[in-house]
């Protein structure tokens with residue numbers, strides 16, 4: 001072997017060895033994924049700030065991933081839709097490469113439901129200039145959480161070099177969101193703040209256009225120059241040997257490289273400048289280059305670098321020169337190492353000499369050490385208080401104080417004092433205006449013919465867990481399984497005090513939609529207060545919940561016939577069921593009324609075979625199951641009927657084993673209540689499984705599913721005189737007759753008549769909560785709220801709960817009063833659904849906010865309220881009955897006994 005050949009082999013081996021060694025100098029973002037300190041509290045509370053918070057219990061310090069402090073997360077004070085200006089800021093104190101973020105909603109041990117389905121990120125390296133993070137395709141929005149408890153990790157491609165990071169939660173409608181976060185990455189030891197370079201160019205090849213631009217650069221672009229930012233040359237991604245290929249998926253040819261043609265640079269070099277965070281001693285610069293010389297890409301012919309210590313200083317001395325020569329041998333991409341000789345500086349200017357048609361770089365990194373000279377150290381970035389970062393920095397003076405530099409604005413103390421006084425005066429004027437407004441409201445109420453007691457006006461968008469006022473007093477309450485974050489100013493673990501109903505009426509955000517003019521109370525003389533009614537509870541603001549009294553006499557002694565209103569209101573308790581909100585509001589029972597424990601009708605769990613999940617909620621799920629060998633269970637213990645050859649379908653409500661103690665107690669109470677219901681048009685409790693977890697209750701389920709889906713799949717027969725013969729087939733599919741629709745409505749009225757005799761209030765009567773069995777048998781159920789299919793029928797109130805406002809009487813929406821009369825209103829809407837064959841949602845032309853405003857029109861009673869239109873198949877007489885169901889005055893609505901009698905006997909005569 002000749003000497004020349006041996007020398008060539010040694011040179012090639014040296015180049016490969018140097019290239020491999022130099023590759024180790026480029027950081028690997030895959031190894032830069034350490035938690036940066038939110039969860040383990042390495043990041044102190046003082047370095048976490050927010051634009052606003054709902055209360056102290058949802059302040060910035062509670063935003064740590066997997067933390068359950070306070071109310072369980074950071075929750076902004078206002079809605080994030082549509083402006084998306086609320087943010088959570090984390091100060092990392094030093095530059096870090098952030099490669100991954102984790103988010104979580106507010107779970108709070110099962111009490112919270114708020115989370116953010118998507119969010120944006122902004123970041124800053126100096127506290128002054130903020131950049132929007134974008135992925136490699138220019139998208140800013142990051143998908144977030146689908147539930148409040150799960151942690152969702154998102155890779156950031158490209159990663160961002162930042163000291164301060166802001167999370168901006170997003171929503172597609174007005175709703176509450178809460179957030180917990182963690183950042184993952186590592187310390188940015190390069191210290192590179194920005195680089196300045198010519199804009200990358202496009203290479204025209206015969207088969208493809210190769211775009212060699214810096215697509216992730218986060219600085220400015222002007223005059224063919226990119227400056228003030230970082231991009232692909234500092235993202236840790238090293239290009240492949242063939243620059244037309246890429247490490248990333250779904251990107252264009254040349255994505256990994258930034259390149260320039262020598263034809264565009266008559267000087268024969270590309271000049272770049274690099275700015276660092278502080279004064280450094282530079283040992284080596286490593287540049288990863290492409291050398292696919294068959295397509296024109298060559299290594300640089302040489303590199304010249306100069307240094308300076310400050311932005312206003314001149315470049316120091318002679319440049320450091322390093323000749324490379326541009327290899328025509330090995331076409332593989334490689335990292336070249338440029339020795340910098342230990343020069344000191346904070347700014348570098350490097351010129352890369354062309355040795356061929358193109359220069360292509362994918363990564364540039366530096367090996368350097370920080371100079372421990374405080375006089376030359378670049379000061380750390382200022383910390384900005386919550387709010388938009390200032391845009392004019394000419395008047396800012398940086399004063400380090402301890403470990404936290406602050407931005408101090410030069411200003412006159414007199415101006416600050418005047419501003420404070422103006423703010424105080426405006427606040428006092430606002431308080432006076434609110435007091436006058438409240439006083440005027442009280443006068444209006446006192447002048448009305450029918451007095452509405454303040455304690456009766458618990459006027460807010462009522463949720464299923466709210467107090468329901470019966471006989472002007474709240475029913476006994478259980479601690480709700482879902483709790484919204486405590487109001488601002490309320491100390492932890494204290495119950496919010498409700499001063500009076502008028503204040504709630506005036507302060508309710510939803511009610512602001514309604515007060516275009518002053519409302520007046522309902523007209524007509526009010527009924528005298530029954531002598532047996534207890535006085536209004538004056539301790540409603542105590543920290544404890546009321547317990548039901550233990551009467552020795554019957555719960556509700558019958559009053560004189562002429563002393564009660566048309567609809568009596570009973571003492572009730574509300575239960576939070578498996579799915580987070582049971583629909584029934586039921587009478588408060590004296591001890592021993594239904595036994596001390598759940599009925600001992602233990603259903604054999606092994607006989608249940610899962611078919612599908614009907615719905616789910618906060619504390620459990622509702623499953624559709626089939627009972628195996630049901631004929632063996634036919635006995636007095638299990639009220640089931642089995643038809644030979646037909647499977648027995650049941651609905652199984654399952655309580656999660658980790659449910660709270662309150663949820664378990666409510667579950668057992670619901671079992672007791674359900675065991676009292678025995679009516680052919682109400683679903684029955686067939687049995688329970690309470691010996692071990694998970695607790696289950698088994699109820700009827702009908703083979704034809706819910707009434708909404710059943711009717712929407714059918715057409716109305718043309719012959720209105722068709723008898724009760726059921727379904728028939730036509731060319732358009734199954735049909736249903738008008739008499740059968742009346743039969744359906746009569747069965748619903750019959751079931752509700754039975755509930756009314758027990759003083760049960762359903763609160764969510766709709767076709768989605770009615771089940772259809774054999775021969776058009778209708779049974780009223782209560783788990784429609786848990787089904788995702790009907791999520792659009794419910795309105796979320798400030799992230800707290802969901803309400804079927806399109807079916808609710810105006811007094812339910814505005815005053816939280818649920819009575820049998822409000823169920824009559826919902827029955828009228830349900831009957832409208834039946835006659836429309838469930839083709840349309842009630843008030844489908846109105847938004848949710850307009851429906852609430854329409855409830856306000858009923859309250860004001862100025863003739864501007866909107867009613868549901870008459871269905872095409874509905875006779876005028878029947879429509880007039882429906883309008884009576886929607887009477888403004890609850891006592892003017894027909895009772896269910898009258899509704900059932902009309903639909904069962906008289907309705908056909910009106911056709």
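Sequential numbering from 1, following the chain as shown.
Keep in mind that glycine also has a Cβ here, set from the backbone N, Cα and C atoms.
Which of 381-409, 410-438, 439-467, 468-496 counts as region 'Disordered' depends on Swiss-Prot, and there it is 468-496.
What Swiss-Prot records for the Ca(2+) 1 site is 213, 255, 257, and among 204, 232, 263 the residue it adds there is 232. Looking only at the topological domain 'Extracellular' (22-415), the predicted model's pLDDT averages out at 85. Its own atom aside, the Cβ of residue 262 (N-linked glycosylation site) has 19 Cβ atoms within 10 angstroms in the protein chains shown. Note on residue 616 (ATP binding site): other Cβ atoms within 10 Å of its Cβ, all shown chains, come to 18.
Under the DSSP three-state reduction, residue 622 (ATP binding site) is assigned to strand. Of all Cβ atoms in the protein chains displayed, 23 besides its own lie within 10 Å of the Cβ of residue 614 (ATP binding site). Across the fold, the C-alpha of residue 614 (ATP binding site) and the C-alpha of residue 262 (N-linked glycosylation site) stand 67 Å from each other.
Ranking the recorded positions 213, 262, 372, 764 by the distance of their Cα atoms from the Cα of residue 622 (ATP binding site) places 764 first. Cα spacing between residue 213 (N-linked glycosylation site) and residue 262 (N-linked glycosylation site): 15 Å, rounded to the nearest whole number. Put simply, residue 372 (N-linked glycosylation site) is 71 Å from residue 764 (active site, proton acceptor) when counted between their Cα atoms.
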